[in-house]
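As structure tokens, the structure follows; a few thoughts come after it.
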């Protein structure tokens, strides 16, 4: 197969000067022909003339080369000339980065190339669905990720200080400078020039060292350069104004910047790989998928608004985002190229509505299973699982939970790395890591504030940063009770229910509250500590230090305590039961004794069920949910007792509540996965 990879001299945004061919030669490619097609003028007419000139010159080149496939990248006007020429000359076209949505004339050009192309390589699930909605044949679409991410994710840790010093000065430190890159919006040139002027004013006021890259050559760029010179940016001590930065060096500059500002697609796409804060100005990237590192200033109409955005974003560090790729795009694209049958008919087919319901195909080079890494930190075991978008646990790994912080964190990293590596073999695309753990958690920062007594050395622990840095994946952390509620909302009885409560009945008692479809965390992340609702002023002591909590009556630990008391008094075992000398008395023995007619064991379980039921009544009177879900190993033993207490004790207006036992096999892991699978990355300022 012979492929022509055209390289117009004005490739996507800022990274490519007019001598792009040197970069191609450095990568050991032989350039057959160079075409000079850009008409200078930097206005709308010059763009049209450039396309026309390319259309005049390209037929001769293509006749000589006779390529089997033309690879066209992106959404620039010069790429449209390439695609048009190839389509009219019956040359197969593979388009990279189609299906995306931004906010300028680039959208129209990108979608026009899509209609001309025979094969498509897209970067995100949304882009893939856009292509399908545009009637493209799904069998000819590859969800690969962005090829630039292959280089980005391996580049951050290279020597960067020399690069920073070269471009910004000897006295500049990492995270203490800004990269600014703003282009004209061809559909509203006047406004984009005004916005650029306001941006420069805000940067001057913010008083940080700033690397300003010149805009591209779209219509309006000449006026933007005049604004730079009018404000003396090229001679200002805080600014470095440059026309070109080599790609490898630019990666290091944005990876270690305190902030990036402007309207370049690089900010909303590539920079997310490093978690660098980004301020996206105006409408040029409207519709782009973005990570949580991007703050949008849609109406950048005042200097103060832009300055405030700089104050909010500068110096932050976000989890690295892999919305646009995981570093394995190029191998997928090569595999896709090799699968193309050059003997199949050239005529393109469109798949008109209705769009296929099931867009997932059983062909490994077309689409991998979107999945999450789920981590469950229990008192005894540490578990990691690969969980698919549909809630299927593809593979699960279990180890004993170490007793020390260092050993525990090391094991989490080791198990996650192994699972992520195995995911490739299982054809799973890992979108992120979700962690379910006991104790009080700050989910915004990914920090375990303090844990239960069952997990030692687990207070003030930042889980997000080390795991995100090691795996280059976004990481979410939450309390195990909250995760159980999220699991029910996505995969269980709570699906589609606006208001419900989940109660976990296991070693301890926990839970989560969904109100108006959203999880409630509370002002200090202490909401839904349902096990510590007090149901008796003089009840047994709880592990929390209080008395009469639900957990002191109905948890596995409480039942084990009562079972030991009976056993010590020789009142536990009845006919049909036996225990080995070394066997530890547990809650299971108490339940078995009750089933075999032990009256004292029955009384203990009845009291535990009543305590849990009273707690549920308090929840009904406080939150008024329409559904209560009992989860955990003890749920089936308590459900009837809880219903009975509700019938006897609750107000008539809440007695109609449904009380059900969870049908989820593993709510902790599914809840951790749902943290990833349900997360919304868009932020609007």
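Note: Cβ is positioned from N, Cα and C throughout, glycine not excepted.
Model, not experiment: these values are computed from the prediction.
Here TrEMBL flags 21-338 as domain 'UDP-N-acetylglucosamine 2-epimerase'. Under the heading N-acyl-D-mannosamine binding site, TrEMBL lists 440, 452, 480, 529, 532, 551. Residues or ranges marked as active site in TrEMBL: 480. The feature Zn(2+) binding site is assigned by TrEMBL to 532, 542, 544, 549.
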Pairwise C-alpha maximum, in angstrom, for the residues (440, 452, 480, 529, 532, 551) that bind N-acyl-D-mannosamine according to the record: 16
In sequence order, the binding-site residues (440, 452, 480, 532) whose C-alpha falls within 10 A of residue 549 (Zn(2+) binding site): 532
Residue 544 (Zn(2+) binding site) versus residue 440 (N-acyl-D-mannosamine binding site) - Cα distance in angstrom: 13
Fewest-neighbour residue among binding-site residues, criterion Cβ within 10 Å, set 542, 544, 549: 544
Cα separation, residue 544 (Zn(2+) binding site) to residue 551 (N-acyl-D-mannosamine binding site) (Å, whole number): 9
Those residues of the chain, 6+ apart, with a Cβ under 8 Å from that of residue 532 (N-acyl-D-mannosamine binding site): 542, 544, 546, 549, 550, 551
For residue 440 (N-acyl-D-mannosamine binding site), the number of other Cβ atoms found within 10 Å of its own Cβ: 18
Candidates 529, 551: member of the binding-site residues with the richest Cβ shell (10 Å): 551
Rounded mean pLDDT for the residues that make up the domain 'UDP-N-acetylglucosamine 2-epimerase' (21-338): 89
